[in-house]
Ligand code: UD1
């Protein structure tokens, strides 16, 4: 029997919680280690399953990887292998971020296609067209994306959409290409800035990090480095939204509050007292949250990864909220599960209209992805009775010690089913 969470509604979250390194950064930083022969050390790694899974992908490419607490050491050989097979990548989509580094280092890459998932189809066309402009020949063959380049050269690349993954793959190929590459309409997420910072430490020449134009002067070789992963803004914001929903008082540490500017503004609009601090923020919500509208957009817009939590907040807010999903086409599927909890919610295309009610009512619900699962747990915390959240392995992929952290804040949650497995 797979594990599930029993969430008892009615508690008010209070206390302090620390977040670890960002999931969406650490995996790309691990892939970037492929770019330099020698040992790269990454610290503040989160204790989530995707880290050892990525370690396996890198081992399959010839690296030696050591995981010790929150430190990952990757020893990259002079000549990495260039084939990341399906067995290694099928378990998590982010493994596709080895594509750019492999093309750069080996001048060829064969990376199995991970396929779509619960939030949308997730094509790789922009990754491929960017690599083509850098001089690679890229096709899809036998379920793999294949890229080969006799010569990688700089290019002007304008992305049709500021895709996080495409920006990362093109950037990691361009750092070892000949000449200058300009990526226009690049993604500006803090995790991209984190990657740029690590690449610069390795000797890459990258300008414009955090803006929508990245300028890269290719260099002949990079050196290994030591780098600390930025704090996970999505996990941090999850706790902030949970504080607001439960009328709680929570201090979150380990994250740069500037990475959550718009999210914290939205919580203020919902009536929370939000105090940014040097290494985090505090959210105090004294009365029922007010309804707020949300539209997900690439950074610095409202993160699509927090849309399920925004829906959770809207379900019990005073008033009607309009939530617009602009990034992933299928990301409203989990709303059916919210409706099981009594939410007054309706979706139409990429819009959801949610009329807040004063309390949800517990029911069994199923997680379909990491963030939907977390959103359902938050909804369980404000439901009358005990909500059973199933398929919680999704939540464990993105949230280290999720249950323990919520319990420490006074949340009524326990894990039942088979014994928890150690992710390392
Ligand atoms: C990353 C994050 C994910 C987050 C998302 C948007 C990781 C491991 N995951 O995913 O948590 O929700 O950014 O902030 O970092 N697209 C194309 N063609 C492409 C590439 C993307 O059409 O070649 C589309 C996607 O289908 C999606 C949109 O662009 O609709 C955004 O995707 P993208 O920014 O690439 O997200 P990921 O990097 O996959």
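The backbone N, Cα and C atoms fix where each Cβ goes, and this holds for glycine too.
Features reported for this protein in TrEMBL:
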{"type": "ACT_SITE", "residues": "117", "note": "active site, proton donor"}
{"type": "BINDING", "residues": "23, 24", "note": "phosphoenolpyruvate binding site"}
{"type": "BINDING", "residues": "93, 305, 327", "note": "UDP-N-acetyl-alpha-D-glucosamine binding site"}
{"type": "DOMAIN", "residues": "7-406", "note": "domain 'Enolpyruvate transferase'"}
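Classification of residue 24 (phosphoenolpyruvate binding site) by DSSP places it within a helix. Cα separation, residue 93 (UDP-N-acetyl-alpha-D-glucosamine binding site) to residue 24 (phosphoenolpyruvate binding site), rounded: 11 Å. Among the binding-site residues 23, 305, 327, the residues whose Cβ lies under 6 Å from any atom of ligand 1 are, in sequence order, 305, 327. A C-beta separation below 8 Å, combined with a sequence spacing of at least six in one chain, links residue 23 (phosphoenolpyruvate binding site) to 46, 48, 50, 232, 234, 235, 397, 398. For residue 24 (phosphoenolpyruvate binding site), other Cβ atoms within 10 Å of its Cβ number 26. Neighbour counts were taken as the number of other C-beta atoms within 10 angstroms of each residue's C-beta; across the binding-site residues 93, 305, 327, the minimum falls on 93.
In the three-state DSSP scheme, residue 305 (UDP-N-acetyl-alpha-D-glucosamine binding site) is classed as helix. Pairwise Cα distances among 93, 305, 327, the recorded UDP-N-acetyl-alpha-D-glucosamine-binding residues, top out at 17 Å. Rounded to the nearest whole angstrom, the C-alpha distance between residue 24 (phosphoenolpyruvate binding site) and residue 305 (UDP-N-acetyl-alpha-D-glucosamine binding site) is 11. In the three-state DSSP classification, residue 327 (UDP-N-acetyl-alpha-D-glucosamine binding site) falls within coil.
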